[in-house]
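> First the structure, then my questions, so here it is.
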Amino acid sequence: MFNPMMKPMWMDPPVDRGNHGPTPTVGYGGAGGAGYADGGKVQESDEYLYFVVLHCSLVVFSLAVNGTMHASLITMRRKLFESSFYIVVAGLMCFTALKTIIQAVFIVPQYITGANPFSAGYRKTMFTLDMLADYGILGFSTLMAANRYSTFQLGCSCPVFAKPVIYYLLGLVSAIIAICVALLSGMGCTKEFSHPTNSYVDMCPNATVFVVIEKSLMFLYYAVCLLSAYFYLKTYHLIRNQRGYLMKNESSRCGPEMVILKQAIIIFSLYVGMLALSTIMPFLCSSSSASLFFYLNYFLNMISLFISAAFPGLFLAGSNEFRREIGSWLSLCGLHPHWLTRAKRITSATTITSRERGTSFSK
């Protein structure tokens with residue numbers, strides 16, 4: 001997966017301590033496994049097949065969840081899009097689906113073949129789309145957090161998320177994402193295959209001006225993550241302080257506000273794990289273990305897939321409207337699962353819309 005902090009992007013590749021082949025691979029450890037004590041042995045381990053099967057299974061699951069979410073958004077669009085919240089969600093779902101598709105058409109074939117099956121042009125395209133998905137997920141998930149905070153703090157009095165202003169805001173965020181992606185792609189960054197680690201690494205030119213741009217984008221990524229954390233923490237603080245008012249007639253554990261917040265906490269925790277792992281990876285790349293780098297990169301891909309599946313999955317599981325919609329589809333096939341039809345006081349589009357039309361919850 002791509003992440004602005006997962007370098008060798010602004011670092012030179014480690015010095016190759018072995019013999020170069022005729023066509024050295026750009027990446028950690030040089031060509032053919034040189035520079036690593038266990039170079040070239042990742043695919044030969046007993047665990048490799050299990051890791052590949054697990055990754056493929058999660059890709060299939062994420063594709064199914066994202067497909068179900070998109071189908072639900074399309075069939076329920078008239079009701080859902082009354083709320084600006086679900087307009088943001090719809091944009092976010094486009095990027096989670098893109099991320100999953102990239103995993104399916106790029107990472108999975110590479111894991112299965114254990115080699116580099118793609119041309120330079122294809123790797124460049126996947127790099128660009130991968131960046132677009134990563135920046136899009138972060139940008140729109142931050143918008144979603146800001147929407148929830150403004151709704152709980154200001155009710156319907158926040159003009160930023162009112163129509164038609166929300167459309168301009170979405171356009172602005174999309175333009176910023178496109179500029180960030182265009183900068184890195186235009187500098188010549190791409191994905192290169194590292195044979196000793198059996199994985200792709202993100203490589204960029206190391207000219208001074210490019211390093212400055214890359215570091216600026218890296219700091220921007222961190223800043224947006226901190227902004228997202230701020231919205232989540234402020235919303236959590238607001239809901240806890242106003243719990244008696246907010247949930248006067250609801251269970252404190254099942255109220256729609258707490259369900260939304262728990263969903264956000266799960267997703268943000270995945271982000272923290274991804275950022276922590278991708279940040280420390282450059283410091284571990286000098287290790288003489290190709291297996292270590294492969295497994296770290298593998299877990300980054302897995303966390304990325306979990307994030308791509310968690311956003312739509314939590315919405316599908318946490319909304320009565322979505323559950324009823326899925327139940328109606330299954331009933332056409334003669335299936336009536338009890339877990340979809342049992343009564344639960346959970347979040348819904350109706351609840352969210354009514355919150356936005358209500359008064360502020362802050363004192």
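Placed from the backbone N, Cα and C atoms, the Cβ positions cover glycine too.
According to TrEMBL:
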- 48-65: transmembrane segment (TRANSMEM)
- 85-106: transmembrane segment (TRANSMEM)
- 126-146: transmembrane segment (TRANSMEM)
- 166-187: transmembrane segment (TRANSMEM)
- 219-239: transmembrane segment (TRANSMEM)
- 260-284: transmembrane segment (TRANSMEM)
- 296-317: transmembrane segment (TRANSMEM)
> Are the transmembrane segment (126-146) and the transmembrane segment (48-65) close, by which I mean at least 3 Cβ pairs under 8 Å that are 6+ residues apart in sequence?
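By the criterion, they do not touch.
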> I need to check the long-range neighbours of the transmembrane segment (85-106): which residues 6 or more away from its ends have a CB within less than 8 Å of a CB in the stretch?
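For the transmembrane segment (85-106), the list is 1, 55, 59, 62-63, 66-67, 69-70, 73, 118, 126, 129-130, 132-134, 136-137, 140-141, 143-144, 147-148, 151, 161, 166-167, 170, 174, 301, 304-305, 307-309, 311-312, 315, 349, 352, 356.
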> Quickly jot the same-chain residues contacting the transmembrane segment (48-65) by Cβ under 8 Å, restricted to those at least six beyond its ends, or write none.
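Apart from its flanks, the transmembrane segment (48-65) reaches 42, 100-101, 103-104, 107-108, 111-112, 298, 301-302, 305-306, 308-309, 312-313, 316.
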